[in-house]
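First up is the structure itself, then whatever we jot down about it.
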Amino acid sequence: MLVDGKWSADWHPVQAKDQKGGFLRQDSQFRHVVTPDGDGGFRADAGRYHLYVALICPWASRTLVARKLKGLEDVISVSVVEPELDAQGWRFAEGADPINNARYMHEIYTAADGHYTGRATVPVLWDKQTGSIVNNESSDILRMFNMGFGALAGNTIDLYPEHLRNAIDALNGVIYAKLNNGVYRCGFATTQVAYEEAYHGVFEMLDQLEERLSSGPFLFGAELTEADIRLFVTLVRFDAAYHGLFKANKRRIVDYLNLNAYLHRLLQVDAFRDTVNISHIKRGYYSVKSLNPTGIVPLGPEGIALEGTGV
Ligand SMILES: N[C@@H](CCC(=O)N[C@@H](CS)C(=O)NCC(=O)O)C(=O)O
């Protein structure tokens with residue numbers, strides 16, 4: 001991580017733990033918002049913003065799905081980091097960052113704030129005009145892509161409709177705690193007790209969702225919302241990475257009738273399918289040395305040989 005703008009120690013997935021040895025995720029620090037009229041300082045202009053992502057990362061993938069669903073591909077450009085994290089975290093291949101010409105993601109953070117202390121996470125929404133980070137919190141970026149770009153968006157689908165907002169927020173909250181972040185708490189637990197607590201939460205949530213999706217097609221019936229995006233990015237990684245590497249191994253998604261059908265339903269939509277890259281997902285997660293010291297990437301499971309275009 002960065003301490004006062006300097007890369008301080010080799011990258012490690014766990015920097016903070018709770019009293020039981022549970023994994024704690026850091027809070028995002030850049031929380032500005034892009035709006036159609038720029039009243040908060042960042043106006044939605046075509047070509048002004050750049051999105052930094054990793055295709056292994058569920059949080060970054062949320063933003064990629066939303067960008068594509070809203071038809072913002074020509075408005076917001078993208079850079080993709082290499083799937084494997086090395087001692088300095090996320091790395092760019094030669095030429096992958098035409099905006100800042102960075103070699104590592106942490107350079108984007110120090111370009112925005114020379115005294116930044118924290119992890120250099122993706123996604124990041126970068127403002128080319130002021131040379132700064134607008135936001136590094138995927139849930140904010142998702143909402144910005146839904147409404148903040150106004151008429152620049154290529155279509156009018158509303159992923160956070162007024163009449164469902166409270167219900168979406170409530171569902172997002174439990175799915176995040178027990179499942180989206182729950183799988184990480186399972187994988188990065190440093191005690192048996194923390195692991196078991198996280199494990200039970202993951203499968204309680206999957207069981208509840210299996211039930212909920214018996215009447216679909218989406219989490220809120222016929223309306224596709226941001227809650228579906230946030231669930232999808234975890235489901236699509238589950239059998240390939242979380243079941244094995246993170247020891248979330250009571251069941252796989254293919255073992256659930258409704259969840260599996262839902263996952264495949266979403267995969268028929270370009271914005272979902274095209275932003276998935278299973279090879280990046282497997283290589284990336286299995287490169288985490290503390291969980292997989294040999295770095296061997298498993299060949300299985302079969303039946304998920306899904307290769308999207310990346311972005
Ligand atoms: N709250 C952030 C979390 C982002 C996050 O943790 N991203 C991970 C990748 S999945 C990351 O970049 N980790 C690198 C690190 O922690 O050093 C969000 O949702 O945007």
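We number each residue from 1, going along the chain as drawn.
Backbone N, Cα and C define each Cβ position, glycine as well.
Please treat TrEMBL annotations as automatic predictions, because they have not gone through curation.
The annotation active site, nucleophile is assigned in TrEMBL to Cys57. As annotated by TrEMBL, active site, proton donor/acceptor applies to Tyr184. Residues or ranges marked as glutathione binding site by TrEMBL: Trp90, Arg119, Ala120, Thr121, Val122, Glu137, Ser138. According to TrEMBL, the domain 'GST C-terminal' annotation covers 161-285. Residues or ranges marked as site 'Lowers pKa of active site Cys' in TrEMBL: Tyr242, Tyr285.
Distance noted between the C-alpha atoms of the residue listed as 'active site, nucleophile' and Val122 (glutathione binding site) is 8 Å.
Ligand 1 lies under 6 Å from the Cβ of none of the recorded positions Tyr184, Tyr242, Tyr285. Here the CA atom of the residue listed as 'active site, proton donor/acceptor' lies 17 Å from the CA atom of Ala120 (glutathione binding site). Sequence-distant contacts (6 or more apart, same chain, Cβ under 8 Å) of Tyr184 (active site, proton donor/acceptor) comprise Phe23, Arg25, Phe246.
Taking every pair among Trp90, Arg119, Ala120, Thr121, Val122, Glu137, Ser138, the residues listed as contacting glutathione, the largest Cα to Cα separation comes to 17 Å.
Non-local contacts of Tyr285 (site 'Lowers pKa of active site Cys') by the CB criterion (under 8 A, 6+ apart in sequence, same chain) comprise Ile56, Arg237, Ala240, Ala241, Leu245, Phe246. Separating the Cα atoms of Tyr242 (site 'Lowers pKa of active site Cys') and Trp90 (glutathione binding site) is a whole-number distance of 20 Å. One residue stands out among the binding-site residues Thr121, Ser138 for having the most other Cβ atoms within 10 Å of its Cβ: Ser138. Here the Cβ of Ala120 (glutathione binding site) has 22 other Cβ atoms within 10 Å, regardless of which shown protein chain they belong to.
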